[in-house]
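Take a look at the structure set out below.
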Amino acid sequence: MAPNIRKSHPLLKIINSSLIDLPSPSNISAWWNFGSLLGICLITQILTGLLLAMHYTADTSLAFSSVAHTCRNVQYGWLIRNLHANGASFFFICIYLHIGRGFYYGSYLYKETWNTGVVLLLTLMATAFVGYVLPWGQMSFWGATVITNLFSAIPYIGQTLVEWAWGGFSVDNPTLTRFFALHFLLPFLIAGITLIHLTFLHETGSNNPLGIVSHSDKIPFHPYFSLKDALGFALMFIPLLTLAFFSPNLLGDPENFTPANPLVTPPHIKPEWYFLFAYAILRSIPNKLGGVLALAASVLILFLIPFLHKSKQRSMTFRPLSQILFWLLVANLLILTWIGSQPVEHPFIIIGQMASFSYFLILLVLFPAIGALENKMLY
C-alpha cells in the first residue's frame, strides 16, 4: 500500500498529528472551542495589524493624522481599523472565558500548559497596552503616562527604569516609536509561545468536562472538532463584524478622538474595558507601591492556582460548593470591572476595596478550604 503523504511527509505529519488525527476526548463541550477561537483572533489581529502598519506613521506629530488618513482615504481602511480595535476586545473575551474554563474544569493541573498560558496572557496584556498608545489620542497618551509611571514605585531603580522606558523625561516621540516596535514584535512572540502551549497540551491530551482520564474513548479531531471549531469561528465573527460595521466605537473612549495634549489631563483616565478589573485593584490600595504589587498579584496569582487545588476531584462538575465559589468569583470580577470605570469617590472606593479583598480571599483561602471540606464531606 502506498504511504499516506499526510502521515509520512516530515512537515505534514506534524500538522496531521496536531490538527487532523489528534485523539480528542469525545465529550468536550463548547467551552473547549475558545483555544481555536484565540488562534483565529491572533491570525486576524496579525493580518489587520500588518495592513494598518503599512499606513501608520510612528511619530508624535503624524500618528493621529495617519490613523485618521487610514480611516478616511485608504480602501476599506475604516473596516481594517475597526476590526483590529474590536478584535482586541474579542481576543480578551475569548482568553478570559478560556481561563475560566480551565479554572472550572481543573485544566490547570496540566501545569506546563497552564503556566505557558499565563505567560501568553501577560504578553497579550502588554501587546494590547502598547497598541492602545499608538493612535496618540488623549487616552493613549495619558494611559501610557499613568501605567508606565507605576514602575517608578519600584524601590531604588524605579525612576531610572521609567526614564529608560520612556526614552526621556516624559512620554514623547521616543516612547511612541518603541511602543510601535514592541506592538509589531509581540504578536509574533505570542504566536511562538502558542506553539509551545500546544506542544505541552499535546503531551497530555485535552482535559474534559468530567475531569477523568478519557484514553479509552477518544475520537479524531477531524472532522468532528474541526467542524465544531468552524461553527465557533462563524459564531465569533458574526458579533465581531456586527460591532465593526454598526457600532465600532462602542467599547472605545470618546477621549481618544482628541489628539494627545500633555497640557490637558482628561477628567477620568481609565484603560480599555478588559483591564478595568486590574485597574480597580490597583486603585483600591491608597499607596503607590502597594497598588502596583496588588495589580501584579491580581494576574500573577494564576501561577499559584495549581498549588491551591486541594480537592480529590479534578473538575468542579460534581462539586456544588466550589461551583458557588466560582460564580461568586465571576460576579466579583464583574463588580471590579464596573468599579474600574467609575470615578474615585464614595461609594465606589469602599466597594472596590471590598471586591479587591474578596478576589484574593476567594482564590487564596476559600477555594483550597472548600476543596478540602468537600473531600471531608464526600470521602
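Glycine is no exception: its Cβ is also placed from the backbone N, Cα and C atoms.
What Swiss-Prot records for this protein:
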BINDING   His84, His183  heme b b562 binding site
BINDING   His98, His197  heme b b566 binding site
BINDING   His202  ubiquinone binding site
TRANSMEM  34-54  transmembrane segment
TRANSMEM  78-99  transmembrane segment
TRANSMEM  114-134  transmembrane segment
TRANSMEM  179-199  transmembrane segment
TRANSMEM  227-247  transmembrane segment
TRANSMEM  289-309  transmembrane segment
TRANSMEM  321-341  transmembrane segment
TRANSMEM  348-368  transmembrane segment
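Swiss-Prot feature annotations superimposed on the structure.
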residue: His84; record: heme b b562 binding site; Cβ contacts under 8 Å, 6 or more apart: Gln45, Thr48, Gly49, Leu52
residue: His98; record: heme b b566 binding site; Cβ contacts under 8 Å, 6 or more apart: Phe34, Gly35, Leu37, Leu38, Gly117
residue: His183; record: heme b b562 binding site; Cβ contacts under 8 Å, 6 or more apart: Gly49, Thr127, Val130, Gly131, Leu134
residue: His197; record: heme b b566 binding site; Cβ contacts under 8 Å, 6 or more apart: Thr113, Thr116, Gly117, Leu120
residue: His202; record: ubiquinone binding site; Cβ contacts under 8 Å, 6 or more apart: Ser17, Ser18, Leu22
- Taking the transmembrane segment (348-368) as the first stretch and the transmembrane segment (289-309) as the second, find out whether 3 or more Cβ pairs fall under 8 Å, excluding pairs closer than 6 in sequence. yes
- For the transmembrane segment (78-99), name the stretch out of 179-199, 227-247, 289-309, 321-341 with the most CB-CB pairs under 8 Å. 227-247
- Item | Stretch among 34-54, 114-134, 321-341 sharing the most Cβ pairs under 8 Å with the transmembrane segment (227-247) | 34-54
- Query: Restricting to the same chain and to residues at least six past its boundaries, which positions have a Cβ under 8 Å from a Cβ of the transmembrane segment (179-199)?
  - Reply: 18, 38-39, 42, 45-46, 49, 53, 56, 58, 113, 116-117, 119-120, 123-124, 126-127, 130-131, 133-134, 144
- Query: Cβ pairs under 8 Å with the transmembrane segment (114-134): which stretch of 34-54, 289-309, 321-341 has the most?
  - Reply: 289-309
